[in-house]
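Peer 1: Next up is a structure, given as structure tokens.
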Amino acid sequence: MKIKTRFAPSPTGYLHVGGARTALYSWLFARNHGGEFVLRIEDTDLERSTQQAIDAIMDGMNWLNLDWDEGPYYQTKRFDRYNTVIDQMLEAGSAYKCYCSKERLETLRENQMANGEKPRYDGRCRDGHEHHAENEPCVVRFRNPQEGSVIFDDQIRGPIEFSNQELDDLIIRRTDGAPTYNFCVVIDDWDMEITHVIRGEDHINNTPRQINILKAIGAQVPVYAHVSMILGDDGKKLSKRHGAVGVMQYRDDGYLPEALLNYLVRLGWSHGDQEIFSIDEMKKLFELDVVSKSASAFNTEKLQWLNHHYINSLAPEYVATHLQWHIEQENIDTRTGPQLAQLVKLLGERCKTLKEMAASCRYFYEEFDEFDADAAKKHLRPVARQPLEVVRDKLAAMSDWTAEGVHQAIQAAADELEVGMGKVGMPLRVAVTGAGQSPALDVTVHAIGQARSVARIEKALAYIATREA
């Protein structure tokens, strides 16, 4: 049997982390088994579905590199197909027309709730005894079995059973002629030959209804696997209140797709004590039978730890392609200064996100208007004038501009003045970066460049002169 999975988001908002994890699990399962992965846009909610949301979903999938073999399919383009099947079901008797008014159904619901009963349709139109005009408004309901049970073996949760007596006759076509979500899903999974439906646990209650429809139309029932929800650190369902955002917001916040994928795969799945997984390892190892049925808590610190790992372990040239976007957001002109791959090497250990890296790299490329006040007060004092003059001259005299040469120049200045390296290094750091902290001074000065470094030392000496006056 050829494995075929699908990711079927509703385009009513962004691709959130829960949806991204579901997409990842479906994608990994298909890839592990040499199967196919289908992208389907479930846009039957015409009032809430938007093109902007569709674009956001596509952007998120593409950024995560979750490629699909078929699709994207759109349910709104398949209404004729759904209605054809509904008409066949009406003909076969597995569906029927319901003429009950909204008022009657609301009264029925209120009475049932008042009596402590579960609200459900009472089947008044099920046997079709009443005569109605051909053009009288009606919905179409599925004739759900009234006896027996629906049992399915959830690949994550084990056997789950629902009594058919608990299920009412589901509306499958509204009065306006539009087929309903639960019905469209069934026909799509049938037509697209989906073998494994991997989705959130909020769909468990839909499953018995969908299975009954599949059996009624003679379709193969797929294997189901329902993934547990993601919680915030307070144990409540993850929401905007916890900072839960769309996948692309993580891009905007400076995370690499590899870090987010690694983090998401571990939210409910494990392979021993291993924490770091490459995409190839995920595809090779992922199986549904080890996915936890317990909810997982989202931990931003863990995600940052993974992101820091990938910033420093992936090829700097690759990381630089993602850093470029953040540099552009900071409006930094990088035409003069180090290559971005070199910048990744310089700042990688100090930065947890690419956004942080972009925000802290401007001094490599552009002049700063003033020194950090605290750093200048502490290190650009009159006593620093001579160390800066000596190291300036030695840097200016270098014919071969290398990081090792810069280190030797700083050491030579300290030796000449008979002071520790810090007496030269700290004023030099503030002079060339404008701040009191930076990566290793020799590689920093080297990356800034000879002419720019010497000019900044001159600027620092002028600043010191104003303090001496």
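Note that Cβ sites are derived from N, Cα and C of the backbone, with glycine treated the same way.
Just so it is clear, the model here is predicted, and its values are computed rather than measured.
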Peer 1: Identify the motif ''KMSKS' region' range according to Swiss-Prot, selecting from 67-71, 237-241, 327-331.
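Peer 2: That would be 237-241, per the motif ''KMSKS' region' entry in Swiss-Prot.
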Peer 1: With the ranges 9-19, 119-129, 141-151 to choose from, which does Swiss-Prot describe as motif ''HIGH' region'?
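Peer 2: Within the set 9-19, 119-129, 141-151, Swiss-Prot attaches motif ''HIGH' region' to 9-19.
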Peer 1: Under a criterion of Cβ-Cβ distance under 8 Å and sequence separation of at least 6, what residues of the same chain contact Asp127 (Zn(2+) binding site)?
Peer 2: none
Peer 1: Let's see if you can do this one: DSSP helix, strand and coil counts over the motif ''HIGH' region' (9-19), in that order.
Peer 2: 3 helix, 1 strand, 7 coil
Peer 1: Excluding Cys98, Cys100, Cys125, Asp127, please set out which residues of the same chain place their CB within 8 Å of the center of the CB atoms of the Zn(2+) site, keeping sequence order.
Peer 2: Tyr96, Lys97, Tyr99, Gly123, Arg124, Arg126, Gly128, Glu130, Arg141
Peer 1: Taking every residue in the motif ''HIGH' region' (9-19), what is their average pLDDT?
Peer 2: 90
Peer 1: Sequence gap of 6 or more, Cβ distance under 8 Å: name the residues on the same chain that satisfy this around Cys125 (Zn(2+) binding site), in order along the sequence.
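Peer 2: Same-chain residues close to Cys125 (Zn(2+) binding site) (Cβ under 8 Å, separated by 6 or more) are Tyr96, Lys97, Cys98, Tyr99, Cys100, Arg141.
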Peer 1: Which residue, out of the binding-site residues Cys98, Cys100, shows the minimum number of other Cβ atoms inside 10 Å of its Cβ in this structure?
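Peer 2: Among the binding-site residues Cys98, Cys100, the sparsest Cβ neighbourhood within 10 Å belongs to Cys100.
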Peer 1: Kindly assign Cys100 (Zn(2+) binding site) to one of the three DSSP-derived states: helix, strand or coil.
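Peer 2: In three-state terms, Cys100 (Zn(2+) binding site) counts as coil.
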